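This is the feature table in TrEMBL:
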REGION    A:1-23  region 'Disordered'
TRANSMEM  A:37-59  transmembrane segment
TRANSMEM  A:99-123  transmembrane segment
DOMAIN    A:99-312  domain 'ABC transmembrane type-1'
TRANSMEM  A:135-157  transmembrane segment
TRANSMEM  A:183-208  transmembrane segment
TRANSMEM  A:237-257  transmembrane segment
TRANSMEM  A:293-313  transmembrane segment
Amino acid sequence: MSLDLKPKPLTTPPADRGRDVRSSGARWRRTVALKGASFTVPFFAGFVLFTVVPVIMALSKSLYTAKSSGLGFGAKTVSFSGFENFDRALHDVKFWGSLWRVALFAIVVIPLIQATSLTLALLLDSVRRRVAGKLRIAMLVPYMSPGIVATLIWIYLYSPAVGPLTPFFELFGIDANFYSSRLIWVSVGNLMAWGSIGFNMLIVYGALQAVPRDIFDSARVDGASEWRIAWSIKVPYVRRSLVLVSVLGIIGTLQIFSEPLLFRSMTPETVTKDFTPIMTIYNQAFAVGDFNYAAALSIVLALVVGLISAVFYKLTNKAPA
Amino acid sequence: MTTITARRHRHDDDLPAGHHPSKLSRTLVWTGLVLFLIYSIAPVWFLIVSATKDQRDLYTTNGLWFADFHLLDNTRDLFTYHDGIFLRWMANTLLYGVAGTVGMTVICVACGYALAMYRFRGRGILMGCIIGSFLIPGALLTIPSFLLYSRLHIVDTPWAIIVPHFFSAFSVYLAKVYAEGAVPPELLEAARVDGAGEYRAFFTIGARLMTTGSATIFLLGFVGSWNSFFGPLVFLRGEQKWTIMLGLYSWLNIKVDQSVDLTGLVIVGAIVSLIPIVALMLSMQRFWRSGITLGSLK
């Protein structure tokens, strides 16, 4: 893509300036626009180097394959292989298994997180604003904790040795092993919910505050209950924000990496090295050492993430909010 | 007079007019809020309580209440273990965060300002690049970035963390939205009439009017840098260059690999890493809150 920084004369007529000679005025305006454009040069130079170039590199790398010559001791020879890597990616059972795993997880956990965030925002909206302000800060503490710290906290809470959760469930006669393959997604889902509900609630609550208040008054005059107002007025108003946080959630969930990686430290049998798509890519690149294949997998994942987000956006954002 | 004040007290001015919730719905609302409050706070409470226990009490006493108080011993252990490597990690995290975010703020605020205040050719394409790049999953970039940084010989140096952080499309977007609201074009026009050049107008007027927006961008960027994990994991090798998050991860692994139990250190370390960032965010609440609402709702 070309970064065309050539100036264009301002279309608006110049403000009343002392010496308004036509030709010099046009030249002057062009200089202004050029100087304005120069402010963007550092960013776009870096953007090209650190975003555009890597994307192009990913595309080109994915078309090559490195093969060891001889018995694997010789130097690697890199040869053009066309779409061979993509063909391999499309038939990679482990990769698609990991993708399916996180997709299924997203389908379950994102609606739950959104429903909770919405409920919470509605609850907060129905108490006095000053109280709501204080509660909101406390509820944002999880969002303020770095993802790694949040994961560590829950890893220890789940731990049968250190955490209070296993003994708590034992009181009811439930043997809850949060690291087991049956519960691991519940464990990760709860951890993600804990970290993200506060943030989502904040955005939805912000949208709620923007609803003109007199609509509620007229609804009340018409005899609508608070529940009815919440469901029929407030929810439709915050739909756009809900869709936005959901898309962000989908993009984030399909790329989940650090949470399962930390869980892997505790329970390597349950959380395999290719448990999620990013873990598969990371493993291919840095354990196997096949950067070409990892690049192809990255592209496939990017396409899938983009496609799912677009479809979701299209399906849910039809009606004007 | 007294009746009026009493009334105003009862009907707090921020409660919506005509709002008469029933007792049942009030109870339900508060039950929900309190339950969620406990859910949000209790895990952090557990972390704080655990940090005050010694290794034995950690495994034998109730996780949600205090046993013998060993916080000071634990903190000393944290900062002396392995020749004080944790302090080193803290310094690294701070250095990468400050250096990367200061550069990012300058570059991105200037760019956002230009996109908001000037009409030049190619501006639409540039905006398209910025919005489009939001959709590129971070994961797509990591592998090719690694190859690129190897070629640039910056893998395993702080530059691999600091320099790429400079170029944040989201920050440019925030800066543009903020500049549109904060910098009146008439003011720039007036500055031009008075003979100020574009650069001077930016530094004396634009940048100053955008102070709040820049603070927001800095804060969000710094928090992002402090919390980042994948980048440092891929680009940094030697433990002398690690960040806190990488260090904690490595300690978690040691527990599994060997018989040394660093659980206590990980817990205290997690709290220590949390303190500066939570303190910063609480004291600068209005900045990052306005930042995420600006970014998401406009």
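Placement of Cβ uses the backbone N, Cα and C atoms for every residue, glycine included.
What TrEMBL says about a protein is an automatic prediction, not a curated fact.
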Counting only CB pairs under 8 A, let me know which of A:99-123, A:135-157, A:183-208, A:237-257, A:293-313 has the most with the transmembrane segment (A:37-59).
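Top-ranked stretch among A:99-123, A:135-157, A:183-208, A:237-257, A:293-313: A:293-313.
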Apart from its near flanks, which chain residues at least 6 from the ends of the transmembrane segment (A:135-157) lie with a Cβ under 8 angstroms of it?
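For the transmembrane segment (A:135-157), the sequence-distant neighbours (Cβ-Cβ under 8 Å, at least 6 residues beyond its ends) are 120, 124, 127, 163-165, 187, 190-191, 194-199, 201-202, 205, 258-259, 262-263, 266.
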In the same chain, who gets a Cβ under 8 Å from the transmembrane segment (A:293-313) while lying at least 6 residues past its ends?
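Same-chain residues near the transmembrane segment (A:293-313) but 6 or more away: 57-59, 61-62, 65, 85-86, 88-90, 92, 95, 99, 103, 243, 246-247, 250-251, 254-255, 277-278, 280-282, 284-285.
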